[in-house]
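A.B. asks: Pulled these features from TrEMBL for this protein:
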- 45-293: domain 'G-protein coupled receptors family 1 profile' (DOMAIN)
- 30-52: transmembrane segment (TRANSMEM)
- 64-82: transmembrane segment (TRANSMEM)
- 102-123: transmembrane segment (TRANSMEM)
- 143-167: transmembrane segment (TRANSMEM)
- 202-229: transmembrane segment (TRANSMEM)
- 241-264: transmembrane segment (TRANSMEM)
- 276-295: transmembrane segment (TRANSMEM)
Amino acid sequence: PADERDAGNHTLLTEFVLSGLSSRPELRHLLFFTICLVYSMTLLGNLLICMVTVHPTLHTPMYFFLRVLSFLDISTASVVVPKMLVNLLSEDSSISYVGCVTQLYCVVFLAATEWYLLAAMAYDRYVAVCSPLRYAAVMNTRVCLSLLLLSCCSGNVVSVVQTAWVFTLSFCGPRRINYFFCDIPPLITLSCADTSLYEKQIISATVLVIITPFCLILLSYACIISSILKISSAESRHKTFSTCSSHLTVVTLYCASGTLIYLQPKSSNSQDTKKILALIYTTVIPTLNPLIYSLRNKEVKVVLIRVM
């Protein structure tokens, strides 16, 4: 098509075409049913957490943050997966220009907000373990709401800036995005302009949004583990270590997949590898969070059984 070869401004574009997860047609149905199953598990697990954590016995800061985390996971998966499933069964895999802008904004906003929320949750656990007598005073309702509002506002600022910068680029190459949703790295590769400045600011944003909260989470858990070592009961130590290791495993997986994608936005690395990494943080992690953070918790299990 002529509009794919024209060296024109990005405003001439009315739509993009998403290439999807795989270029092999014989894998489409297998991918559809697999991703559909994972998405269903994401919705079911996170909706259960949202329902269970409103129970009067679970009105604590930890469960408040878990409820918000589940809502963010549902939203992240729902922004990406339904369109991906439709494209797997349809010959038309186009997405409108406005739809692409909206999807990019939502993905970045939800991901950034979740990272800041995870840092807030780590701080909550730090106060609960290291200063249990002051926990109720430190983590009161006002502080929890302030941390949530700060996370959302920070995520919104990051998303607005990133989305605005990406879509001020001139897209004069092919309109086909070699990805399964609108994201920063594949969009940058479509630009014919010099993107070195954009790549530098993406690296800065990655450090601000992913690596900084991750370091704060590690610091919080280091203090928690230090306090755990002082516990005399071997059984209590083992239980707390198990919980901490589960949380850190998921956070590390989330951090690794995000940084590998965004630290080299226009690298020559395999695009298929980036697709797998993106699938992990948009689809797999939202499925794991309810299992790791909530459904292994004894209090949540008790309330879940009562509700069911």
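Every residue, even glycine, has its Cβ placed from backbone N, Cα and C.
Predicted automatically and left uncurated, TrEMBL annotations should be read as such.
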A.B. asks: Counting Cβ pairs under 8 Å that sit 6 or more residues apart, are there three or more between the transmembrane segment (276-295) and the transmembrane segment (202-229)?
C.D. replies: no
A.B. asks: Over the domain 'G-protein coupled receptors family 1 profile' (45-293), what is the model's average pLDDT?
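C.D. replies: Result for the domain 'G-protein coupled receptors family 1 profile' (45-293): average pLDDT 86.
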